[in-house]
Amino acid sequence: MSDPMTKHPRKQLLLLTVGLILLLGLISLSSIPLLVFPDVKKTIYQVEITAQGLSADEVEAQISQPAEAMIRELSGIKKLTAISKEGQAKIEIETENHFGNDFFRKLQAKLNDSEGLGIGKDSITVKQEELYQEPVAIVFMTGLAIPELKRLAENEIKGRLERIDGISQVVVKSPNVQNEIELLLRPSMLQAYQLTPGDIVRELQNKGKNESLGSIGEGVDGTTFSWNNTSHSLEDLSTLTIFTPKGEVALHQLVDIRDSRYEIGESLRFYHGEPVIEYQLFAANEASLLTIDQQLRQQTAELNREANQKYQLFIRPGALQEALASMRIVLALFSGVSILAALYIGYRMRQWKAGLLLLVSVLLTLLVLATGLYFTDQTFTIASVGPLLVIVTLCLGAGMLLFERYALIQIWNDQQVWQATKSRWIPIILPLVIVSLLFIPLLYSRLLKEEDKLSLLPALPILLWGGIGVCLIYLYVLPTTAALWLRARKGPDSNEHEQPSKHISSINRRSSRTEFNQNTDSHALQRMRNWIQQKIISTWYERMQLGLLPYLLALLAAWGVYFFCGPFAQADPYLQWNQNESKTLSDTSQTFTLDLPPYTPMVEALQKAKDTEIMLHKTIPELQDSYMDVTPSSITFYLQYQNQSSWERSSYKIKQNIDTILSNVPDANYSVKFAQSGVENEEKVKFTVQGPSLPKVKEVANQVIQVMEKTGDGLSSQVYNVMTSENSEGQQMEIVPKAEITSLYGVSAEDVEQQMNSYLGPQKVSTVEWDGVKSQIVLRYPKLYMDYPDQLQQAPIKTLNGLKPLGELVIMQHKTLSPTYIRTDKTYQINIHATVKKQGEGKFPTTPRTLYYSMPETFKKEIRLPTDYKIVSPLDKELEEHSVKGWEQKGPFIITFTISILIALLVATVLKQLRSTIIVILLTPLLVVPLVAGVAIWDLPVNQPAVFATLSLITFLTQQILLMCRYFEEYPEQGELSLIQSHRGKTATFMYMPSLLCIVGVFFIPFLPFLFGWTNRYFFSSFLGVMSVGFLCIPWIMLYIVPSLYRYGPSQQNEHRDHIGVILRQSFIHWWNNRGRRSHTKSSDSNQRVEWLVNKGKMKKESAEESGDRREKLCPEDFQPIPRTDR
């Protein structure tokens, strides 16, 4: 028993520790911001430098190269790409994977010293892209006409939403309404009245002034006057008079006035058959998810109540709802696991306080974790849930293995409890060390994208503080509390650990089975052990004779699952929330696009969209909600389904039904059945010239252009618009005024330029506010009147000799667009763009892909490339990205993984757990099966939760392997030497299997709702899928593979070492004594001699054991009479 003098101070210290953890933990838990996305930025920096008036060559020489030289003075640059084009330079810098550096500040300080560039500081912009910039919530508003919706959105609703705590910005995406009053010119009337568009604009601007005139009086008697002669209606506007050389004329005689204030623009979003105003809410850095969710719901309900059904606001599923739903389902899942574990431990210990202590231990560990995160200024996001579940898995496993050992204590005191804890501390600590070492190579390899690595960063502080919490709680608080608060378990089976010889004999000898049955604690445990004895232990020797075959078959199965199921396990970006792009929500949200003929009227497109939506909801009962994006060329349907458990048909049948409905829409294309003329019948092709010298790259690029322009006979109409500009759509015309325009026409070049500008695009006249809505008055030519350069040459210009065509006053000539120079790490690139028709006039049709295959051979024949210069296509880049780059790609991972394995082996050697750690390393590749199969079976993506589910399984498996190896050490075999060497571990497996089956059942039962499709699809569905398959695989790994690997290791320290030593020593002595002699002894005599030596060593050891003190091994059952079995 413990000393009463030391028990009281220990209790006080325990209470002080627990009280401090509770106080700091609760304060930290209430203070840590709960965010959606981690505040992580990419290691890519973008610099934009504006240099108006400079050509691409001047930008390259005067801006890009000096700026690059300044930037390269900084350390840690991995890749630098400079893009030079007319009037602008862009530089993209990718740094090494050094997290937490201050490269952005150093870059700004370096570029602020811009004297060497000859430009001002305002012309330089430096930015670092955020990793996650998606809105946390999306709100739809419908129910009114578009102008009224826009007025309410800007003036009332936006401000109300911005006042929500934690919202930093509200972006309003309103329907694209033209909101213009168009004045369409009549070219014949302009010619008749000798006017230009600029004349009309000036007249309207002079007549539409609202200016201050002055004031009279002083002080309170003062009055200010303003002059307002603006139009107040369309009638006023149409009756305005315009002064012309032939007199005044009404405006409506010169132009056609068109009221486009309420006309729908080029795109419109429809929800429930009505136009939509969309609000995108962005969270602040220190915002709280729960606060935003609560206040958003309250604000939405209040606005809907005030609207009195005039309009309505809907909260759409977004990142906020997805994050909270994922957290709730994971919290409910592991709460269920914890409760089941507590019930099992309470039953196992025969006292409810043991189960309560298990739950309290998990909570205290999480509070220690929260305290550490708070004091290191960390936040809790959706990216933190995965590593948190790894810690919870470790805590539950640690608590259950400790209480399993406590249940074997017969005499309850501090010494026995601490001795039991000491025997289990390695399976508590070592798994987290091994998982952390296996996690680090993911951050320093090139197997993952940089943004995926950044999404894993929040796991590092959680694993660190979680490990500290596990050590503090499960190696001090839990054992101390158990010693002070709990008592010895009732039941005779507490002698199990102290009497291994009895259990061993009960397993190996049928005559003692009755005695073993009397020592069991309950019928449930006895039935489980009987089942294990009948189904597992009875076939032990047959299974162990398979040797390493189960492990090799498991490796082969893992490779087969990866090979056959890998293509179905698609990877998402690790934190992907866009429902229209992520496979995470593929069964709850889908997107379909219906193509329309070009230039379809919006009214017709809207009618098709409404009819199709009604048909979809009428035909598909599984459809819960939908909205549409309508443009003149397409209709995009965003469909959201009900919970999968309520589906009446399979996803394939639903998809087939949708295909049928969309395919039957008249005058529309769902499966790309036709190719319209125009843009749909064209594709772009691009080749890139690379080399170290810009002049030479330009020379090669010109040769490539020439080759492409004359490629093949009859193909000239298939490949056209070949140019070196990024803007390959347009053309550039250079206008040069004639020298004699002033002498012949009495007009200056400046006047000609000013009048010509009035023909280039719409001319903004003024802004008017009618009926509370601001609209723009725009003057423009009708379509097809001023769309081409030839039409501009006929534009009338006012001179002293009357109106003259522009072509008589200036010289217009085509000018090659300025190229764009791209330089990546001192290698220049020039892109050559061209337009390709899908079906041309040549003998064989030309497509971009055929050009990518055929043109390289043509280039080799026509162009002699210097050394270090090459012409590449997107196909070449694609093949390069998908090809294995050997050591460059896999080298960092191999190096870091090897270092991690060596560190793990070193730690295991120090802790004397080398054999079990090697088994863990050998079994880690088998977890490819749950990772791949778990996401492929349920069509889920490999994302961040899937990765942490695999790490959780590694944690759990490592813990159980270390525990099972500990059982092997505590329950050594007794019997023949050869049999034990071959089939070691039978007794330990028999003793370990009940606890393994119970803990696997505790973890697996809460996953059943997900397995049967009773839950919806969330971001953490991948976690559930991987864990479900993993817990199905773990019992078979522990039963078949771990013992077979363990028995190939070296013998234990006291396991028959004397027998082997005796044989080897006596054999050496026999050889030494008979060396050089001719032995005539028969082989039978030699065998008898060896057998006698073996028996001699065995008798010597048995006599030494019998002479020892056996009083500690005796128990009351040893003095009971043996019942007779012959009656």
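Any Cβ shown, glycine's included, is placed from N, Cα and C.
Taken from TrEMBL, the feature compositional bias 'Basic and acidic residues' applies to 491-501, 1100-1116. Annotation source TrEMBL lists compositional bias 'Polar residues' at 502-520. Per TrEMBL, region 'Disordered' is recorded for 491-520, 1095-1127. Annotated transmembrane segment per TrEMBL: 325-347, 354-375, 381-403, 424-444, 464-486, 548-569, 893-911, 918-940, 989-1012, 1018-1042, in sequence order.
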Report yes or no: does the transmembrane segment (918-940) come within contact of the transmembrane segment (354-375), defined as 3 or more CB pairs under 8 Å with a sequence separation of 6 or more?
-> no
For the transmembrane segment (464-486), out of 354-375, 381-403, 548-569, 893-911, most C-beta pairs under 8 A are with 354-375
Tertiary contacts of the transmembrane segment (325-347), defined by C-beta under 8 angstroms and 6+ residue spacing from its ends, are 353-356, 358-359, 362, 382, 385, 389, 392, 396, 399-400, 403, 998-999, 1002-1003, 1005-1007, 1015-1016, 1018-1020, 1023-1024
Which bits of the chain, at least 6 residues beyond where the transmembrane segment (548-569) starts or stops, bring a Cβ under 8 A of a Cβ in it?
-> 922, 925-926, 928-929, 931-933, 935-936, 939, 941-942, 1037, 1040-1041, 1044-1045, 1048
